Amino acid sequence: MGKVSLYAPIAYLVLLISSLALFSTIYRRRKVRRLIGLKPWFEEHDARDIYLSLKAQTSPKVPEKMLKAALLRRATEDVRRIMSLQESKPALAELHQRGAVGDEIWTRFLAAEKVMDAEVMECAGEANAIKPGWAQTLFPSAAEIVHNSRIRDHLTEVPELQKAEREKWEKEREKVVSELEKENDSSVIAETETKKTNKKKK
Amino acid sequence: MSDSRYSYDENAEVWPYFAMTLLSLVLLPSTWKAAIRAVKPDKDYSPKFENGYKPENYEEVEKFRKKNRKSKIFTKTNIFIAIGWIILVVVAYFIHTQETPEDRKRFDPYEILGIPSSATEREIKSRYRKLSLKFHPDKIRNIVNTTREVMEAQFVEMTKAYKSLTDEVTRNNFNEYGHPDGPQPMKHGIALPKWLVEERGTPLVILGYSCLVGVALPFVVWNWWSGTKQYTKNRIHTVTAANIFEAFAKSNLDNFAFEDLIRLLANSQEYKILIPGISSDTVYDYLSAYLSREKVEDELRKLAVVSRSVAILDGMLDIASAFKNATLLRKIISLTQAFTQALPPESNELLQLPKVDKEHIIDSTSSTLKSTFCLSDEEQKEVLGITSDDDWKIARAVAFQIPTIEILDAFFKVPGETVVTPQSIAHLVIKFRVSNPGTTLPTPDPKDLEEVDNALTIKKPLSTNDIAPQVEAIYAPYLPVYIRPKWTVLLVNPRENRIVEPPSNVTRMYIDGSVTTYKIQLSAPMPDQIGQYRFLVEFRSNAYIGADAVRSVVLNIEPAPKVEEIEDDISDPEEDSIAGAMAQLRGGKTKRRPLDDMSEEDSEEEEESSSEEEDSDTDINTDTEDEEEK
């Protein structure tokens, strides 16, 4: 049996640890890259951008009324987004739990929630800066606006729906009527035939 | 005494055996498995529908199917198995050609002299003398066939044996330890070739080992892990699943049109993996061409795209079920039917039949399978737009194979109870049968529609779901893959148009017209308000258009029935006797003991009071009522 020099275990350890370290760095770097590459859940927040640019504008200064309106719009968009998140969260949680969707979308969703939390905080801060205590009433009124616009959307949809439904109904009615007529005809024919045969018998 | 020593396999004697054992340990089971897989016929393929009807793209479809079937034998695993067998054969050959060294033969003086081990010294001496007379090198000149050297060697052996047996110490040693020199060092062989352990092999071994542990192992695990993470439980790509979820989450589900669904489907990641660089618009064109039964230039590619779509739609259905919107679910199932039959969604069901006149049927919108095949033969031909008799027979044969569900009854049931009480855990019992167009089944026997509890159904109510046989293959000449027919069962709250239970799948049913029972365990307890609740039970096929069934079911939440004292002590067994328990399980009557007696017993025997049947009139569990009062 040959002797094994002391360097052997050291070399082994060095090789093993370095290869594992290399693996872990590559893995982590890839993970970070993947996280950076994630698409945000929502598109650009236009209302917020408009508010910020209005606020930043100095010459001529934007009137306060306009700024307030822009902030209200921003809050409205925030509420809309939060509501949409809240609506789809149970579905996503269920799907994620039973493995029907991947981890990536779950990460994106949680990130979107965090972003919205921060956004709401910032929006409230802005409101309080314009007028102390406004944040308490800003979001309820924004929510009302959202509800209102939803109902409005529904209302505008109604005529179209009505048209489609009416068409469907008419088709169905025609179908049933034609079938009934057919049946009627055939039964009339059958009746006359039986009458004839009866007469013949007589 | 004996010292033990480890030695490595210097002459490469043992390690081939070791390698062979290891290899065969892996190879034999995997080969067995592969053989079973290869021999087992395609379950989904049924020659039942070989009716001579060939769609326009028949050749391509067959080509595609054949390509997919062939790959069953030349899989990656099978290639690995083959390589393994080759290595095994090489190792076996190596072992076979290897010579067993002569010196390994044990030295047995008794055997050499040909005497029993119990022989005395005198016997040994006389034996040796006899043999030496016979075998002495000086006397054997006349023996043919053996060379002188061999003879001499034999004689030397004999002398050695004789000496060892005549010497007291050596003989004792041999008798005790099996060796003339006394106890031998224990030898443990390690089945590794020696070069692996020698010093000059060290760097190589270390390098190999670190490569294995530090590079190959993480790589394999990572590959496997990201591979499993890439696909969801429904075997659809996570990107596809994410796209579908996002689309559903961000839009009004009631207004999701078929076209949106097909666009969503076309956007799946699977297609991009299947055909690198394909755009979702091209996929959409392929899918639309398939649905309108049009041939495209690259027909095989279209079929490859289409072959994935039903599976993705299944995954889409699963994701949609989390949103609970019944309209969306119905639409996805309709789309699945459309894909199976290669027809635009919500087409006339007669169009699935072969040989029919497409234009003619589209004009006559009023016909269904059932209504058509109740007509006389000539009228049937007229509706289908078929002129030839043979064509009509083919179409009719297919139509008669289409199983149409007829829900006979549906009700809610609590195991072992006759009414559904508030907050109980119930299941939905659906009694249905399969009828085919053109046949009228007699009214079902009311006995078949009853749900009778026995000991098994009380314990496991859903055990009856697995009794009926699996549904057979489906008729889908345009679909390039074989799919398993199933019916998705939706339980819908019609007021909110939402499903109240996740969809479940029925794949087992009697197709001869007898009644099949299907039960769904409800995950939520019953409402705690007494009253009537109305639901819709929907059976929706993934294969045929017009094979669905819908029935309204009423959930009656009733208060627990009052306990009545039945003084009928002639024949009924005592309630708390074994016979009584049996009678209760059968739904029979039992004699009830006086109330104070019961409560006394309760305080004494906790166990008995908590067993399910006996405690209807104690204060522990008032909402589960016994059978015997009715």
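Even glycines carry a Cβ here, placed using N, Cα and C.
What TrEMBL says about this protein:
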COMPBIAS  B:565-577  compositional bias 'Acidic residues'
COMPBIAS  B:597-630  compositional bias 'Acidic residues'
DOMAIN    B:108-178  domain 'J'
REGION    B:565-630  region 'Disordered'
TRANSMEM  B:14-32  transmembrane segment
TRANSMEM  B:73-95  transmembrane segment
TRANSMEM  B:204-225  transmembrane segment
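Secondary structure counts, DSSP: the domain 'J' (B:108-178) has 49 helix, 0 strand, 22 coil.
Remote same-chain partners of the transmembrane segment (B:204-225), defined as residues 6 or more beyond its termini with a Cβ less than 8 Å from a stretch Cβ, comprise 196. Residues 16-17, 19-20, 23-24, 26-27, 30-31, 34, 38 of the same chain, all 6+ positions outside the transmembrane segment (B:73-95), place their C-beta atoms under 8 angstroms from a C-beta of that stretch. Here the domain 'J' (B:108-178) has a mean pLDDT of 75 out of 100.
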